[in-house]
């Protein structure tokens, strides 16, 4: 392993884990807590749109998430307009005493496709209000640039739509984002298998945010551990430098001196 | 441990499903029983009144904790016996349940099947249905539903009628019922606004009413829609799998249907949200467009009592037993939990479902 500093830096704060986990969809809070431990994550996301947060109705559940000791990253899941997302972000700042917000503005109910226009609008206002905004966005380069222009210092592009497990749906677009953008990029949503998370990390993405793939596994803590190792492997491979793919075979052991007919008689 | 004697006077706090079942069983056994509830007894605030009354151990095992399966299969055997004693066999419907998905959401149905087969292995008993098989069982389902799973061994019961029936039996057997009487419980004592009353045993099964004194107990909001229409006939519960939520419709007497239930990690008891109403309503409408003109009778909201592993717990001190945390599985788990509590009262050494329901070994909490 290389000695290169390997911390994830988000808004000036350092994290050793590159695995962020969502807290929805588990069979029970106990199972969620086990998965968080197995993932070794330092940041967990949580939704509060439907909890009645202002009245404290979600406190019992939020307390169980807090018990994990992780930094809480509240999200605006379920918001369909910039205004809704801004209002919820303001409420979450008060409730959790944090300016960090994972910004979601959903444009399509069935695919949960982010609304790029609402996202830029909400991000601009929230940044102006002093929030540290991590927007959940598609892999569109121009959208990502506009979000950075709006003051976002990290982005969360999707691998594929939320909950699909399809993996890196558009490698070309994701590679372009990585090549062109100089902020931390966290692949958020759409991953179903550790191999997909590993590939994203090999491509140079900075971290992975998951929920469904872990929560819906038959054994969530075990799956969380599998993702943790895959993310670590992908990160180390990226740091180590992947070889270029070649069109022609290039033997790693010299064959000079081997009788030419040797290959012909094999199987 | 001092077990119950024939002359024992038992107080039960909480007249929900568990409280009523225990009161009835104890009265049948010749004990004196006083039943207390903070709310009304005829239209109780209990989660059991809001619930849909499914007894679906396979379905529930697929979507929640695996360890409830054994307690659920116990319920399938126990309910018919108890209902026969109540002369209320007609409230029991052993007609299985159906799980369906719209063609675009088949992955959700496949996932459900995989989860079920993984959780239950050889014990999984399900039958894949094609279009003809599905519509043969439930002709009124929307023609667009092309595949489903039939879980033959599951059942549902007419839960409100059962709660009413249990209360009538309790009164008929001489049980003292105290409605609108919020209490606190202590070993051998019920504390009412009017003072303390001594009992030989106190059983606390108040559900979320035991908050905040019951450590680790939380409420999980659930919303249900009650509708009536004579245009649709269903014989059994139908569950709709969808990528983001799973809803079910359960037929009830008098052309009524209960559609439920949302599951939101919140202790908010305020009325149903518009979003939940849309979700429940559209799920129903897509199961059968004939539901369009159904009349909405009621929007139910209640809190399921749950511990952090969403499994029930029974704790005991001298003179006080607490049973709580049945979560979304009231009718599925109540027979097992009630049998466990009754066995404790009798001083049995073989407690049913002890490995699941016991928080600590019995000797640690007994004198």
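Glycine is treated like the rest: Cβ placed from N, Cα and C.
TrEMBL lists A:10-254 with the feature domain 'Thiazole synthase ThiG'.
As annotated by TrEMBL, active site, schiff-base intermediate with DXP applies to A:102. Taking Cβ-Cβ distances under 8 Å and a sequence gap of 6 or more within the same chain, the neighbours of residue A:102 (active site, schiff-base intermediate with DXP) are A:45, A:73, A:74, A:75, A:76, A:134, A:135, A:136, A:156, A:188.
A 10 Å cutoff on Cβ-Cβ distances gives residue A:189 (1-deoxy-D-xylulose 5-phosphate binding site) a total of 25 other Cβ atoms nearby, all chains included. TrEMBL lists A:163, A:189, A:190, A:211, A:212 with the feature 1-deoxy-D-xylulose 5-phosphate binding site.
Among the features that TrEMBL reports, compositional bias 'Polar residues' is placed at A:245-256.
Taken from TrEMBL, the feature region 'Disordered' covers A:245-267.
In terms of local Cβ density within 10 Å, A:211 ranks first among the binding-site residues A:211, A:212. Checking the recorded positions A:102, A:189, A:190, A:211, A:212 against chain B with a Cβ-Cβ cut-off under 8 Å leaves no residue at all.
Comment: 1-deoxy-D-xylulose 5-phosphate site residues A:163, A:189, A:190, A:211, A:212; largest CA to CA distance 9 Å, whole number. Residue A:190 (1-deoxy-D-xylulose 5-phosphate binding site): 22 other CB atoms within 10 A of its CB, across all protein chains.
Taking the centroid of the Cβ atoms of A:163, A:189, A:190, A:211, A:212 as the 1-deoxy-D-xylulose 5-phosphate site, the other same-chain residues with Cβ within 8 Å of it are A:22, A:161, A:162, A:164, A:165, A:191, A:210, A:213.
Taken residue by residue with DSSP, residue A:163 (1-deoxy-D-xylulose 5-phosphate binding site) is part of neither helix nor strand, so it is coil. Counting every protein chain shown, the Cβ of residue A:163 (1-deoxy-D-xylulose 5-phosphate binding site) has 21 other Cβ atoms within 10 Å.
DSSP classifies residue A:102 (active site, schiff-base intermediate with DXP) as strand under the three-state reduction.
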